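Report on the structure given below.
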């Protein structure tokens, strides 16, 4: 999965997919009452990027639905996965359940079209804080109460805080999550990736590949250089988040990687651990 980073304006959906992304990451900011409000990152953000592009969340969802609904004039067949980077650090811990509930209602109405031929992309809810695990509970229970528990088949999870992997496992246990787990690891592109290294990403890959691991997929962020792309591929990650999808696509075309990796399509289940 080539994951376009910080896609917060509607026009950027086309821009990133046309550069080679089959997945996008979108920031979601919340108001004081835990309503998802804007697709907005704000300052500071990655180097060489404009941090302040935004849309109203529901307007973005409608555009995303068009981009991922077969037969729509805006449809992109290859856009198959969307990561919502949920900026819940602005909320109190006790608001996490409400944030999940309100997020589910927004997605149900504006993305899934109340279960009636809505967008088809798989969705990852990426949460920055382990203590906000109740967001998952609120999301799940709301879809069930609204009569659409089947939509959870399209939803996965990520805790994005670079926490100790054992602690991440405990948070999932509390949330009752037993699958659909993506694990992110990384650092802003403003800091050279070698300073962080790939140790934790490799630890996540080892968990993914072990018989008793809880992780299904691992992605590394934010990668804009060819050398770092190669290192991440050598570590056998499933996804790379990038500001430059064309760079990742180029490296995947190199002879060393062409035979080993391919770009994921809609038929590749993002919740299944890939067996070599």
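Glycine too: its Cβ is placed from the backbone N, Cα and C atoms.
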Q. Can you tell which of 85, 93, 98 Swiss-Prot lists as binding Mg(2+) with 25, 27?
A. 85
Q) Does DSSP put residue 129 (N-linked glycosylation site) in a helix, in a strand, or in coil? A) coil
Q. If one measures from the C-alpha of residue 5 (active site) to the C-alpha of residue 51 (disulfide bond), what distance in angstrom results, rounded to a whole number?
A. 11
Q: Quick one: among the disulfide-bonded residues 45, 47, 51, 190, which has the most Cβ atoms sitting within 10 Å of its own Cβ?
A: 45
Q | Spatial separation of residue 41 (active site, nucleophile) from residue 27 (Mg(2+) binding site) - C-alpha basis, Å | A | 6
